[in-house]
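S.K.: I have a structure I would like to understand better, so I am pasting it below and will then ask my questions one at a time.
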Amino acid sequence: IAGPWRLERTWSGWRQRKLPGQRLDADNYETDPCLKEIRRAENYSWMDIITIHKDKLPNYDEKIKTFYEEHLHLDDEIRYILDGSGYFDVRDEDDKWIRISMEKGDMITLPAGIYHRFTLDENNYVKAMRLFVGEPVWTAYNRPADDFPARKQYMKFLAEEASNGV
């Protein structure tokens, strides 16, 4: 079942969790009431659509390399897969990679300050909606970027969860 996902930390590491009671319709995203409600509830006021394919994306080879560079953002990264598939890789608390498979109908929110990267799978195609709170900020900060407040806040969040036994 397609639907929005949250990346969350558990006692045993990271996992993606399907949000209960919500089912997105990637084929009808323009009129999907579930997407409209998520955008309202999360205050996602800005969106665009990106198609990552060698015939659709200008400077494809350069962009693919950039997406795969380990980086973080100062704001949450929200992606809704409208078609195709790919992978987000994130670092766990032990600095090991976790691969999250994304396909049509999946939505993910990567928290500000988390190191991550994106790559296509063997289909070499994805069409995704990018969502933002307010005006979009596209700046990626390649690792190391540990001195940014977003990274420090994210690390504090991890430490608090660890001390709470989560």
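Backbone N, Cα and C atoms are what each Cβ position is placed from, and that goes for glycine too.
No curator has checked TrEMBL annotations; they are predicted automatically.
Not measured: the values here are computed from a predicted model.
As annotated by TrEMBL, Ni(2+) binding site applies to His71, His73, Glu77, His116. For His71, His73, Glu77, His116, the entry in TrEMBL reads Fe(2+) binding site.
Where in this structure would I find these features, and how exposed are they?
M.R.: Note on Glu77 (Ni(2+) binding site): other Cβ atoms within 10 Å of its Cβ, all shown chains, come to 20.
Cβ-based neighbour count (10 Å, all protein chains) for His116 (Ni(2+) binding site) stands at 23.
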S.K.: Counting only residues 6+ away in sequence within the same chain, which have a CB under 8 Å from the CB of His71 (Ni(2+) binding site)?
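M.R.: Listed in sequence order: Tyr115, His116, Arg117, Ala140, Tyr141, Asn142, Arg143, Ala145.
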S.K.: Give me the non-local Cβ neighbours of His73 (Ni(2+) binding site): same chain, 6+ apart in sequence, Cβ-Cβ under 8 Å, ordered along the sequence.
M.R.: Leu110, Ala112, Gly113, Val137, Thr139, Ala140, Tyr141, Ala150
